[in-house]
Amino acid sequence: MIISLLSFAPILCLSNNTNYNGYLYPQFYDWSCPNAKDIVKSVVAKAVAREARMAASLLRLHFHDCFVKGCDASLLLDSPGTLISEKISNTNRNSARGFEVIDEIKSALEEECPQTVSCADILALAARDSTVLAGGPSWEVPLGRRDSRDASLSGSNNNIPAPNNTFNTILTKFKLKGLDLVDLVALSGSHTIGKARCTSFRQRLYNQSGNNLPDYTLDQYYAAQLRTMCPKSGGDQNLFFLNYVSPTKFDNSYYQNLLASKGLLNSDQILVTKNQASVELVKLYAENNEIFFERFAKSMVKMGNISPLTGYRGEIRKNCRNINY
């Protein structure tokens with residue numbers, strides 16, 4: 001009997017944990033670490049039960065990892081020796097969180113199946129599980145990523161969309177990663193959960209265009225409420241719900257807020273003020289939660305496929321904070 005070598009590819013990948021094929025697929029750990037997904041889900045569930053905000057924090061880690069130089073867990077690295085961590089970038093400093101949860105997941109996985117499950121895959125699974133726990137959609141997570149041996153502070157500073165970026169700048173950053181306008185509007189929906197710091201939207205309240213006037217696209221009653229806890233100076237770290245309507249529930253009320261001129265961040269509100277195609281997508285998702293969930297899931301898989309390390313590139317870290325020595 002003649003059997004194609006291709007039929008053995010998944011077996012090779014799963015038996016020694018090296019992704020020779022160079023593509024990702026959900027069954028990657030089915031043989032090498034069959035309980036991997038359940039372990040990740042269990043730890044994430046406990047973390048979100050302790051603090052509902054953690055769902056948004058873990059989802060954000062995956063986003064901030066993938067947009068730098070691909071989904072390779074470079075964000076998780078600390079700064080030993082000459083390596084400069086992405087954690088101190090403008091977009092992550094005093095903001096990115098949830099690293100201890102990733103550590104807990106990795107520790108449990110190392111006990112179950114040593115040096116088998118990558119930190120990059122942990123981030124992807126934790127993002128999905130966090131979304132589901134908050135009431136959002138589920139999707140099959142393609143797996144088989146490996147971990148980088150370096151980080152990019154400049155990439156973190158320059159590649160991740162920032163709250164005060166223009167619409168065109170944000171869209172360009174998405175396109176440079178192989179994502180499009182549909183992905184931009186769908187993935188922005190992750191702001192239906194979580195919080196943002198006063199410093200990330202203060203200019204909208206007091207000096208949006210350098211003329212000492214507030215942002216006219218922000219509902220002024222909402223702006224007045226925000227000013228009570230976000231003064232002109234001080235209070236930089238004061239936290240505000242990104243979606244005040246249902247702050248811990250993953251749903252489409254984020255888009256409804258945008259249509260009511262109550263998006264918290266400038267990067268949120270410009271989805272309805274700067275581009276007609278974007279406005280139409282916002283309206284669609286605001287009206288139909290099911291379509292939003294479907295688009296969000298597809299865009300998350302697409303984002304998770306940004307430049308993964310496979311084959312012999314990268315490594316499987318023993319500790320997500322440090323490269324192997």
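Any Cβ shown, glycine's included, is placed from N, Cα and C.
Under the heading signal peptide, TrEMBL lists 1-15. Residues annotated as disulfide bond in TrEMBL: Cys33-Cys113, Cys66-Cys71, Cys119-Cys320, Cys198-Cys230. Look at TrEMBL and you will find Arg60 tagged as site 'Transition state stabilizer'. The Ca(2+) 1 binding site annotation in TrEMBL covers Asp65, Val68, Gly70, Asp72, Ser74, Glu86. Per TrEMBL, substrate binding site is recorded for Pro161. Annotation comment: TrEMBL describes His191 as heme b binding site.
Annotated features taken from TrEMBL, shown on the structure.
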residue: Asp65; record: Ca(2+) 1 binding site; CB count, 10 Å: 29
residue: Val68; record: Ca(2+) 1 binding site; CB count, 10 Å: 28
residue: Gly70; record: Ca(2+) 1 binding site; CB count, 10 Å: 20
residue: Cys71; record: disulfide bond; CB count, 10 Å: 28
residue: Asp72; record: Ca(2+) 1 binding site; CB count, 10 Å: 28
residue: Cys113; record: disulfide bond; CB count, 10 Å: 16
residue: Cys119; record: disulfide bond; CB count, 10 Å: 30
residue: Pro161; record: substrate binding site; CB count, 10 Å: 20
residue: Cys230; record: disulfide bond; CB count, 10 Å: 23
residue: Cys320; record: disulfide bond; CB count, 10 Å: 22
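For the recorded positions listed here (Cys66, His191), the lowest count of other CB atoms within 10 A around the CB belongs to His191.
Across the structure, Val68 (Ca(2+) 1 binding site) and Cys33 (disulfide bond) are spaced 28 Å apart at their Cα atoms. Sequence-distant neighbours of Arg60 (site 'Transition state stabilizer') (same chain, six or more apart, CB under 8 Å from its CB) are Ala96, Gly98, Ser190, Gly194, listed in sequence order. The number of other CB atoms found within 10 A of the CB of Glu86 (Ca(2+) 1 binding site), across every protein chain shown, is 27.
Checking the recorded positions (Cys33, Cys66, Gly70, Asp72, Glu86, Cys320) against Cys198 (disulfide bond) with a 10 Å Cα-Cα cut-off leaves nothing.
Candidates Asp65, Glu86, His191 (binding-site residues) were compared with Cys71 (disulfide bond); those inside 10 Å Cα-Cα are Asp65. In sequence order, Asp65, Val68, Glu86, Ser148, Asp150, Ala151, Ser152 are the residues of the chain that are 6 or more apart from Ser74 (Ca(2+) 1 binding site) and have a CB within less than 8 Å of its CB. Cα of Asp72 (Ca(2+) 1 binding site) to Cα of Cys230 (disulfide bond): a distance of 36 Å.
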